[in-house]
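Taken verbatim from TrEMBL:
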{"type": "TRANSMEM", "residues": "B:38-59", "note": "transmembrane segment"}
{"type": "DOMAIN", "residues": "B:122-320", "note": "domain 'ABC transmembrane type-1'"}
{"type": "TRANSMEM", "residues": "B:124-152", "note": "transmembrane segment"}
{"type": "TRANSMEM", "residues": "B:164-186", "note": "transmembrane segment"}
{"type": "TRANSMEM", "residues": "B:192-211", "note": "transmembrane segment"}
{"type": "TRANSMEM", "residues": "B:246-271", "note": "transmembrane segment"}
{"type": "TRANSMEM", "residues": "B:301-323", "note": "transmembrane segment"}
Amino acid sequence: MRQYIIRRLFISIFILLGVSAIIYGLLRTAPADYVSTITNGIPDATPEMKAKLTELYGLDKGIVEGYVDWLSSALKGDLGQSFIYNKPAQDVIKDKMWVSFWMALPSFILQLLIAIPLGIISATKQYSITDYTVTTIALIGISLPSFFFAAVLQRAFSMGLGWFPLQGMVTAREDYVGFAHIMDMAWHFVLPITVLTVLSIGGLMRYSRTNMLEVLNADYIRTARAKGLSEHKVIYKHAFRNTLIPIVTMVGGMIPGLFSGAMITEGIFSIEGLGYIGLKALRSGDIPFMMAFTMFLAILTLLGTLLSDILYAVVDPRVRLK
Amino acid sequence: MAEEKVLQTNNQPEEVANLEKIVTPGQLVMKRFLRNKLAIAGVVILVCMFLFSFLGPLFTSYGEYTIFFVKDGVEFSSDDHKGMDPQESGVKINGKAKPSKAHLLGTDKDGRDILVRLMYGGRISLLIGFVVVGLQLAVGVIMGGIAGYYGGVIDNLIMRLVDIFYCIPTLPVMLIVSSIMVAYGVPQEYKIYILMLIMGILGWAGVARLVRGQILSLREQEFMVATEAIGLHPAKRIMKHLIPNVMPQLIVIATMGMGSVILAEASYSYLGIGVPFPLASWGNMVNTVTDPIIMREYLNIWFPPGFCILLTVLGFNFVGDGLRDAFDPKMKR
């Protein structure tokens with residue numbers, strides 16, 4: 001097991017190297033660098049000023065040299081200054097990822113509470129009206145474009161009914177503190193959390209359903225029924241526990257993703273999470289932050305797959321990782 | 001004959017049918033698929049969307065970019081001036097018109113017919129879906145096939161490449177690519193091809209993983225030993241004997257992939273990095289919702305395109321889901 005994890009981590013380093021090289025190369029081929037973006041707004045910026053800024057931000061080196069530089073300082077834990085925040089990129093990520101996390105966590109919990117029971121019910125009543133309804137709802141959730149659903153919610157619940165605020169994280173000019181502040185934020189998070197939840201329920205629900213169906217077709221379920229157990233016991237004691245194996249694996253793999261931020265949803269609701277900041281950084285050519293951000297996302301993806309593989313072995317005693 | 005009669009008296013016409021006719025696996029899949037009401041609903045939705053987008057424009061005289069003007073209550077378009085001059089004073093663009101007989105869904109803020117733009121937007125979305133999924137399948141099948149068939153070092157190399165592509169965050173890369181295109185002044189009409197290419201390149205990893213996994217188990221089976229014994233060329237062995245066995249999974253992944261590619265393209269267009277203006281696309285039509293006045297007052301401008309995306313993607317998901325159930329030999333129905 002330990003050997004397996006070490007080997008996977010070793011491979012992960014190579015994957016991260018590959019990802020960073022591709023992203024850095026792409027970023028540097030874009031001539032729309034940060035220096036020309038900021039100096040565009042200043043009519044009397046002299047070429048000397050520009051050159052100085054370019055040097056300051058390390059854009060004067062070639063792509064390969066720049067990448068090696070970036071890599072060596074990244075290995076020392078320095079991901080460079082974010083141009084637009086004037087702060088080390090990793091500090092910006094550390095700040096903002098918690099906003100994204102607090103938005104993603106409630107939606108994640110809701111998702112578990114709704115999707116898994118629905119998946120189980122829909123599997124036990126396969127091809128019934130309940131199954132069709134649940135499946136339809138799940139697939140609609142998967143098929144909804146986030147920006148469209150967000151707009152519909154905004155139009156209905158904040159413009160139409162006035163129940164929730166349209167955008168933002170806190171009410172402007174109301175300096176709530178303590179509990180009131182938290183409630184104010186929660187109030188602002190209702191719509192974005194709804195969007196995230198509805199969009200992600202379908203995947204987990206379908207997954208639970210498929211796995212439950214597989215378990216229900218297994219021989220030991222027939223045995224359980226044959227020895228006269230009640231249907232309730234068969235499903236919740238024998239079938240459900242075995243369905244939990246793949247579910248735990250998948251859910252565990254989703255946890256790192258809670259920090260990644262939702263670019264489009266955060267953008268629409270003006271929530272200053274990682275996704276929103278990332279989108280802004282991308283638009284203004286903030287290379288150090290972009291690099292840090294994409295690497296962060298890549299690490300989260302890798303962690304997710306690693307975690308789900310490890311959980312697979314932990315939960316299911318039959319699995320031995322080599 | 002006597003046997004048949006006995007069965008018929010048992011009142012089991014279905015069994016008789018099975019005895020008389022041999023059901024091929026394909027027919028079995030078909031039968032299971034047709035029993036699934038949601039899958040049928042999906043097929044109906046998709047057929048309607050295809051007809052709407054590809055045949056719809058034939059039934060209207062308005063073009064994709066036709067702009068409508070109005071003067072003293074009389075409407076004319078940039079295609080058909082009706083003897084009037086758009087430059088004339090007192091002529092206004094007939095923008096944000098409410099739904100009427102001439103414009104069933106009204107016009108957008110630049111005075112173009114929304115219904116017609118919806119049709120052209122559908123064309124683009126479906127076309128991008130097909131091209132991108134085709135690209136992903138082509139690259140994925142070749143890479144996955146090679147990795148699974150040869151194994152060893154080649155497999156290792158290809159799979160690490162798959163891991164890398166799997167980890168690259170798509171949306172940031174699309175944003176970077178779009179700003180590169182802007183910076184180099186790529187003409188609008190080429191952008192869409194580059195968009196499709198990048199989406200294809202970024203999305204093949206999943207297909208390759210699936211194909212490789214399947215082939216790893218298939219190549220150990222007897223029929224593959226037989227192909228080796230008769231000395232078939234590896235390319236033929238992969239393409240003729242391995243890939244057809246992965247076909248069911250490929251069809252499912254392609255159908256579902258159509259949905260997700262259309263959804264992704266819509267998000268890119270919404271962010272302004274997808275289908276470039278003045279081409280119509282559902283995503284950039286929904287983008288008008290960022291104007292609060294349009295969001296509040298003109299539902300006819302932003303709701304229909306969003307709903308079209310939802311319906312089309314839903315159609316593909318219904319069909320894909322139905323196909324997966326139909327292909328699954330474990331599903332008894």
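Think of each number as a place in line: the chain as shown, counted from 1.
Cβ coordinates are placed from backbone N, Cα and C, and glycine is handled just like the others.
Counting C-beta pairs under 8 angstroms (sequence separation of 6 or more), the transmembrane segment (B:192-211) reaches the transmembrane segment (B:124-152) with 3 or more such pairs. Counting same-chain residues at least six beyond the ends of the transmembrane segment (B:124-152), those with a Cβ under 8 angstroms from any Cβ of the stretch are 49-50, 53-54, 158-159, 161-162, 192, 195-197, 199-201, 203-216, 219, 234, 237-239, 242-243, 246, 250, 254, 257-258, 261-262, 265-266, 275, 279-282, 309, 312, 316.
With a threshold of 8 Å between CB atoms, the same-chain residues lying at least 6 positions outside the transmembrane segment (B:301-323) that come near it are 33, 36, 38-43, 45-46, 49, 96, 105-106, 108-109, 114-115, 118, 121-122, 125-126, 129, 248, 251-252, 255-256, 258-260, 262-263, 266, 282-283, 285-286, 288-289, 294-295.
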